[in-house]
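Trainee: Pasting the relevant annotations from Swiss-Prot:
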- Tyr43, Gly68, Cys69, Ser70, Asp93, Asn94, Asp121, Ile122, Asn136, Arg203: S-adenosyl-L-methionine binding site (BINDING)
Amino acid sequence: MRSAMNPKDTLFSAPIDKIGDFTFDERVAEVFPDMIQRSVPGYSNIISAIGMLAERFVKPHSKIYDLGCSLGAATLSMRRHIKQEGCQIIAVDNSAAMVERCKLHLNAYRSDTPVQVIEADIRDIAIENASVVVLNFTLQFLAPDDRYALLEKIYAGLRPGGILILSEKFVFSDQEAHELLIDLHHDFKRANGYSELEISQKRSAIENVMRPDSIQTHKQRFATLGFSSFEVWFQCFNFGSMFAIK
């Protein structure tokens, strides 16, 4: 049963005359937990595993960054798993609506690991003394020309042995496979109660602001930057998550 705390996403359920670009505004922030669960295959698994990966890679007296934190799901997962002393999580999002709700979510749970929630462009954040950096479905919303520079800054700010966790929607060079995975994703959304109108209108709204890369493109960037190990650790249809270890 859906609670009042997690209202149903009906943002695209009625016909919209002029569909504008998708933005992470108050309307989206309000329904985001329902939207993300019903739209992103494997989202709960990714969030849970981010906590487990953080537990394995976090170092005492280091910083953990959640860049594009939205409502703080990855931050909460990591905070539950961190046992090391002197750590701090820095959660960043450029949406004021997301940041305010993120603070409320985090304040509902007690933890020994402090979290600083910052409203800012992740490209403007200094990365330093980091043992874990998370980009959970965030990089795909940056301008393509800005992606390498951000990853370069993350690499420079990671401690040796530190990990970058990158979750993204993927595109595929094999057109038949690419179209099949898109169709399966739409089947997933239909199975979760989205109508054809909702799927079509959401796709129109988001196609100009979310520009996914291929797995090969991500791996080429990691190799160029100098990461010692990188791989896809989770994939469901055209969504997945990768790690890159410095």
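Backbone N, Cα and C define each Cβ position, glycine as well.
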Trainee: Determine the C-alpha span of the S-adenosyl-L-methionine site listed in the record, that is the greatest distance between any two of Tyr43, Gly68, Cys69, Ser70, Asp93, Asn94, Asp121, Ile122, Asn136, Arg203, in Å to the nearest whole number.
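Mentor: The two farthest binding residues have Cα atoms 25 Å apart.
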Trainee: Have a look at the binding-site residues (Tyr43, Asp93, Asp121, Asn136) and report the one with the fewest Cβ neighbours inside 10 Å.
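Mentor: Lowest Cβ count within 10 Å among the binding-site residues (Tyr43, Asp93, Asp121, Asn136) is Asp121.
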Trainee: With an 8 Å cut-off on Cβ-Cβ distance and a minimum sequence separation of at least 6, pull the same-chain contacts of Cys69 (S-adenosyl-L-methionine binding site), or say none.
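Mentor: Within the chain, Cys69 (S-adenosyl-L-methionine binding site) has Cβ neighbours under 8 Å at Thr75, Ala91, Val92, Asp93, Met98, Cys102, Val117, Asn136.
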